[in-house]
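The following block contains the structure, expressed as C-alpha cells.
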Ligand code: DGL
C-alpha cells in the first residue's frame, strides 16, 4: 500500500491555550471538511498571554509531543497567536511535520486601511513579541497601529462569558480612549467569539480582521505540497475535543463554542 495514502488519513492536531482556537478549528473544517481533527485546549494552563515566552514554549512542546507520539498527527496547527509568537519557529526546527501558526492579521488590515487607524487587540505577550513589531514594520504605510492588550477577554471567553455586562465594561475600559477607529485586528484566537460584543463598543462601520481563514488556506497548501491532503470525499471528518482541565464542562463548552453561529 502507498504509505502516503495511510498518512493522509491521519488526523490534524490543533491546539490553543484554551478554547479560543476553536474559532480557528471552525475555519479549518469549513475549508477541509473531510479531514479529521483533534482539538486540544490547555485550559488548565490558560491564559498563556501573561506567561513568559519560555513557559509558553515548554507548554506548547508538551502538546506537540503528545500529538505526534500519541495521536500520530500528520500536521499541527498552533491555533494561538501567543504560542505561535513564543514557540513556532523553534518547534519547526525540532519536528519535521508541518506546523502552522496563527499571526495577527496586520497585513490585510494595513493594506485595506493604508491611512487609517487600526487597533490591534491581542495578549500582552503577542504584542510584546518581535514577530508583531516585524510585521508592522514590514507592511507599514501611513496607518496608525495602536496596541491594545486585552488579557481579561481571554478569561471571559474561557468561562463562556461572551456578552455580559462585565465584558462590555471591560471593553469600554480598554477601548474608549482609542475610539473612533477604522479597523480592529483580533490578534488572539479567543476574540472572534466576542466580535459581536466588541462591535457594540466600537460601532458597526469598523472593519475586523483575524488570522483564522489565512491559517486554514496556508494549512491546505502545506498539506497539498507535502502530499498529505485527505482527498477521500466519502465522509465528513471527525472532530474530537480534549482539554487539560478534567472538568467535563470544558468539553461541553468547547462543543457549544464550536456550534455557535
Ligand atoms: N488564544 C490565544 C491567542 O491567540 C492565547 C490566549 C491566552 O491564553 O492568553 O493568543
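The first residue you see is number 1, and the count goes up from there.
In case you wondered, yes, glycine gets a Cβ from its N, Cα and C as well.
The active site, proton donor/acceptor annotation in TrEMBL covers 80, 188. Residues or ranges marked as substrate binding site by TrEMBL: 16, 17, 48, 49, 81, 82, 189, 190.
Help me see these features in their spatial surroundings.
Counting every protein chain shown, 33 other Cβ atoms lie within 10 Å of the Cβ of residue 80 (active site, proton donor/acceptor).
Applying an 8 A CB threshold to same-chain residues 6+ apart, the list for residue 188 (active site, proton donor/acceptor) reads 20, 49, 80, 81, 82, 121, 122, 123, 126, 150, 153, 154. According to DSSP, residue 188 (active site, proton donor/acceptor) is assigned to coil rather than to any helix or strand.
Reduced to three states, the DSSP call for residue 81 (substrate binding site) is helix.
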Record lists 16, 17, 48, 49, 81, 82, 189, 190 as binding substrate; longest Cα-Cα distance in Å?
12
Residue 48 (substrate binding site) has how many other Cβ neighbours within 10 Å of its own Cβ?
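Taking all protein chains shown, residue 48 (substrate binding site) has 30 Cβ neighbours within 10 Å.
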List the other residues in this chain whose Cβ sits within 8 Å of the Cβ centroid of the substrate site residues 16, 17, 48, 49, 81, 82, 189, 190, in sequence order.
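After dropping the recorded site residues, what remains is 18, 20, 21, 46, 47, 80, 83, 123, 126, 154, 188.
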If one looks at the chain holding residue 189 (substrate binding site), which residues at least 6 apart in sequence have a CB under 8 angstroms from its CB?
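Residue 189 (substrate binding site) has long-range Cβ partners 16, 20, 21, 23, 24, 79, 80, 81, 102, 210, 211, 212.
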Under DSSP, is residue 16 (substrate binding site) part of a helix or a strand, or is it coil?
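Note: residue 16 (substrate binding site) is in a strand by DSSP.
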